[in-house]
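Trainee: Structure below; questions to follow.
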Amino acid sequence: MSNLFSGINARFRGQRGPNSPGTGSPSPEQQAQAQGQGSPAAPQPPANPPQQQQQQQQPTLASQSSSSNLSVKLPPLPTSPSLAETIGMDQSSSMVPSAEDVLASYHLPAVKPLWLNANYAKHIVKGNFLTLSAKPKTVEMGEWVAHQVVDHWRMLITFIRLVHDKEEDGSSICNSRRCSKMSAGGNHSFTWLNSRYQPVEIPAYEYLTLVQRYISGKIDDGAIFPTDAAGVSFADNPAFCTPLPDAGQDWVGKRSGFPQNFMETCQTIFRQMFRVYAHMYWSHFDDMFSLNLEKSMNSCFSHFILTATTLNLLKKSDLEPMQPLIDLWAALGTFPQGSKAFEIANLQVGQLLVQKAGGPPAN
């Protein structure tokens, strides 16, 4: 994958590194805790004994009023309904929705995005990307996850710079006028917590700035991603190693010096990277096509999806904005059978999309 960008660097307007970490906004971990796919709830007052409820009714109401003044002022974003609710399927029955029904439940625009045409979903390289995502037996899981986070961020930052870095006249492809919010089509938009821990919609350009600052800050933090060679470990081979006695709580990466919340941090990083990819596809795929980079982005994103699903770094619900493309790639054979990415795809919908494009693309 490192050779994918040999022809891309010449297109850069400048060679700036990712933004340095900052502390102006809450981190996405704090967002995940406060947001939880919705708005943070105001703290509930403690329960009062029955004999004190009437006497303390007014103070309680005042406390609730005070809490509500500090709570979120913006309405929460609507939660995406389940597939059964969307297409009206009776969950108690054995009826299976047709591919047309499922495709309609995605609420795609009348004019389908270019990347849903099989002829534009091609890759710059051929082969099984799953071999790049599966952990080698002799590598400790924490080390492998850390490697995948750094490697996928290195690939994604290339595309971010193309739309985010400013030209000589001060303009950029992704700007507040063109992308007034961080969205992935008309059905999904992403918020960021402000300094008061309130989820707010911000322009995509600002969102990309914060994402770069956050992810670069995490990767450069030696306490989260240790780089001391003395702390590097390796995977145990059960055939040759005697299991150590139980030494208390265990977690992914513990043997290599990664912190206890390491996997949670990596999942948050992958979630943010997925949101960037989703915005790139829905809002800037035509820009990538005009630069002749759509195959490069397809290759990086399909590899990203295979890694995220194989290592449990993303949940199926996280992938909703790009579910149609996942279905299409499963039908085209991009995701091998037996992979988790293939399992979460709807093969019938993917085959329907291939038919609507006039058949499989020519090699």
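Each residue, glycine too, has its Cβ placed from N, Cα and C.
TrEMBL lists these features:
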- 1-92: region 'Disordered' (REGION)
- 17-41: compositional bias 'Low complexity' (COMPBIAS)
- 50-71: compositional bias 'Low complexity' (COMPBIAS)
- Cys174, Cys179, His279, His284: Zn(2+) binding site (BINDING)
Trainee: What are the non-local neighbours of Cys174 (Zn(2+) binding site), defined as same-chain residues 6+ apart in sequence with CB under 8 A from its CB?
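Mentor: Within the chain, Cys174 (Zn(2+) binding site) has Cβ neighbours under 8 Å at Val163, His164, Ala204, Tyr205, Leu208, Ser283, His284.
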Trainee: Around the Zn(2+) site recorded as Cys174, Cys179, His279, His284, what other same-chain residues have a C-beta within 8 angstroms of the site's C-beta center?
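Mentor: Those within range, site residues removed, are Val163, Ile173, Arg178, Ala204, Tyr205, Leu208, Met280, Ser283.
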Trainee: List the same-chain residues at least 6 positions away in sequence whose Cβ sits under 8 Å from the Cβ of His279 (Zn(2+) binding site), in sequence order, or say none.
Mentor: Cys179, Met182, Ser183, Ala184, Phe190, Ala204, Tyr207
Trainee: According to DSSP, does Cys174 (Zn(2+) binding site) fall in a helix, a strand, or coil?
Mentor: coil
